Each structure stands twice: as C-alpha cells, then as structure tokens.
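Enquirer: Right, I'll just put the structure down here and ask away after.
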Amino acid sequence: MDQYDTTKMIQEIDEFSSKVIAFNSNVYTKITPEAEKSFKKKSVIDIDCLTTEKQIELMKLSIKHKHPKYSFIELSNKFSVDLSCDDNMFLKLAVNYNDEEVLKYLIDSGIDVTVENNFAVKLQSGIIHNNRIIDLLINNGADITVDNYFPYRYAASEQNKEALKILFSYNPNVDSTMLLASINPSEIGAPILDFLISLNADVNINNGAILRENNQYYPVVKSLLAAGADVSYLSTKHLVKIIRSHNKRIIDIYIKFGVDFSKINDIAIEEKDQEYVDTLINWGIEPRVLACLFSSKLSKYRK
C-alpha cells in the first residue's frame with residue numbers, strides 16, 4: 001500500500017483547528033464584551049431601540065447564551081434581519097453551540113448549509129455533543145466527501161467516535177487507513193484507534209508511525225499489537241525509552257508479542273563511560289544497583 005501524506009493531512013487538520021479557535025473569539029463573531037457580559041447577567045434589554053447592528057449582535061448572543069426572555073426565533077421574527085448576514089454567522093453559531101432548534105429554523109428559512117465549502121459539517125464533525133446535528137446537515141445537503149472526506153478526518157483527529165459512526169453510516173466505503181494517517185500519531189486515543197481497527201485500518205501505516213510515537217502508552221500499544229503492529233519498526237532508541245518508562249506492564253506486553261529487548265546490548269558505549277562503570281563494579285557495586293542509581297529509581301538507600 002502506498003503511504004499517505006500524513007504531514008499534509010495533519011497540516012490541513014491543524015489549519016482548520018486554528019480557524020475554529022479564531023471563530024470562537026468575539027473578534028470573529030463581532031460580539032462586544034460589554035454586550036455579552038450584560039446578556040449573560042440576564043439583564044432586561046430595550047429591544048425596540050436597537051440599531052440593526054445591535055439587533056444582529058443580540059441574535060448571536062441568543063444562540064451562544066440562552067436567555068429566558070430573548071430566543072433567537074422570537075428575535076428573528078421581530079427584527080426581520082437577513083439570516084445570512086455576517087457570512088452566515090447564525091448558521092455557524094448554531095452548529096458550534098449545538099443549537100438544533102435554531103439550525104432547523106435557519107434551514108426552514110432557506111439558509112444553505114453548504115456555504116463556505118461545507119464549513120458547517122466540517123465544524124460539527126469535531127464537536128462531541130449532540131451529533132444529531134450532523135444528520136440534520138447531511139439530510140439538508142451537506143457534503144461529507146468534501147476535501148477528501150475532511151469531516152471524517154477531522155472527527156478522527158478530534159477523537160469524536162460518535163460523529164465517525166454517523167458519518168460511516170452514510171458512506172461506509174471510506175478508507176479507514178486514510179483516517180488513521182490523518183491523526184498526529186502522538187495524539188491518537190485508544191477508543192478512536194480501536195474503532196478504526198474494527199474497520200480494518202492498517203496499524204502499520206507510514207512505517208509503524210503510530211506504534212513508534214506511542215511506544216509507552218499502554219492502551220494504544222495493546223490495541224496496536226493485538227491488531228498486528230509490526231514491532232520491527234521499533235528501533236533500539238525506542239526500546240531504551242520503553243525500558244526507561246519503568247512500566248513493567250508495558251514491557252511485559254512487548255515481550256509477549258516478540259520484542260527482543262536484548263538488542264540494546266548492541267548499543268555502542270563510549271570508552272570513558274565504560275571505564276567509569278567498570279571502576280564502580282570493580283569496587284564492588286552490583287550492576288543491578290548501578291542500573292537503579294542511573295535510572296533514579298532506587299527508592300531506599302540503606303547504610
């Protein structure tokens with residue numbers, strides 16, 4: 001199997017994540033701190049004296065923060081504001097804050113959920129709560145194959161297993177190995193890994209990158225080895241790191257799956273270090289005590 005361009009895939013995810021972070025700022029949403037503070041205090045607002053700009057701001061706040069007196073739909077009916085204003089900010093906020101009621105209202109009012117290259121479904125695929133919104137977006141035209149199945153890749157990178165299940169229910173033919181390659185190897189979680197393995201993802205993708213980057217994380221290592229991860233991708237340096245983890249459980253499972261830790265005996269030791277160790281041993285210090293001293297794991301010193 002050809003290698004996936006993991007670097008490019010991860011870069012695309014990182015760029016979108018940065019966009020999401022910016023989206024969550026008041027600078028992007030054009031909500032003033034003063035207005036938000038007042039709204040969160042459940043203050044009474046004279047809505048009959050608001051400029052159009054302030055009407056829009058109030059409607060945004062009604063999505064971001066619930067208010068007993070001002071619902072988005074009621075405000076929309078009163079103000080007659082263009083629901084696609086500010087680059088469809090109402091749609092984006094409804095998705096970001098999992099407001100299913102507002103999203104349905106926007107769709108019924110003619111808002112296109114595919115705007116900005118299907119930004120809405122891309123965003124929702126990374127949000128853990130209320131994944132019914134994904135169904136709502138898809139059933140109203142959202143394209144889950146956009147940008148080389150980006151919603152799948154983003155859901156995987158955000159550890160959103162429930163979103164992945166929904167996405168696969170619509171298109172089960174996506175190569176799960178592509179999703180595995182799109183995650184930063186050092187950030188993958190066991191639940192997502194197990195789910196992708198259940199879809200026959202190749203755990204040795206990109207020369208065993210996932211095992212190499214997670215060689216001390218037991219849940220991931222256990223899943224990888226059980227799924228057939230090739231331990232030959234582990235270098236001597238990896239074995240040294242595993243030993244230095246002082247985790248007997250993880251060493252035991254590696255041994256169970258055929259890892260030969262004796263390979264570290266081939267490490268080239270500098271002459272001055274060898275002389276130092278030999279001197280200590282010649283003076284009667286046992287090698288096992290030296291090992292504990294050098295690893296800072298000798299818990300008790302006895303006189």
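Glycine is treated like the rest: Cβ placed from N, Cα and C.
Reproduced below are the annotations present in Swiss-Prot:
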{"type": "REPEAT", "residues": "86-115", "note": "repeat 'ANK 1'"}
{"type": "REPEAT", "residues": "117-146", "note": "repeat 'ANK 2'"}
{"type": "REPEAT", "residues": "147-176", "note": "repeat 'ANK 3'"}
{"type": "REPEAT", "residues": "200-233", "note": "repeat 'ANK 4'"}
Enquirer: Please indicate, using numbers and ranges, the residues of the same chain that are 6 or more beyond the repeat 'ANK 3' (147-176) and have a C-beta under 8 Å from a C-beta there.
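Expert: Tertiary neighbours of the repeat 'ANK 3' (147-176) are 9-10, 12-13, 16-17, 117-118, 121-122, 124-128, 131, 134-135, 138, 182-184, 187, 189, 191-192, 195-196, 199-201.
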Enquirer: Near the repeat 'ANK 1' (86-115), which same-chain residues lie under 8 Å Cβ to Cβ, leaving out any that are not at least 6 residues past its ends?
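Expert: For the repeat 'ANK 1' (86-115), the list is 23-24, 29-30, 56, 59-60, 63-64, 72-73, 76, 121, 123-124, 127, 129-130, 132-133, 136-137, 140-143.
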Enquirer: Give me the DSSP three-state residue breakdown of the repeat 'ANK 1' (86-115), ordered helix, strand, coil.
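Expert: Split by secondary structure, the repeat 'ANK 1' (86-115) comes out as 21 helix, 0 strand, 9 coil.
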Enquirer: Can you break down the repeat 'ANK 2' (117-146) into helix, strand and coil residue counts using DSSP?
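Expert: Tallying H, G and I as helix, E and B as strand, the rest coil: 16 helix, 0 strand, 14 coil.
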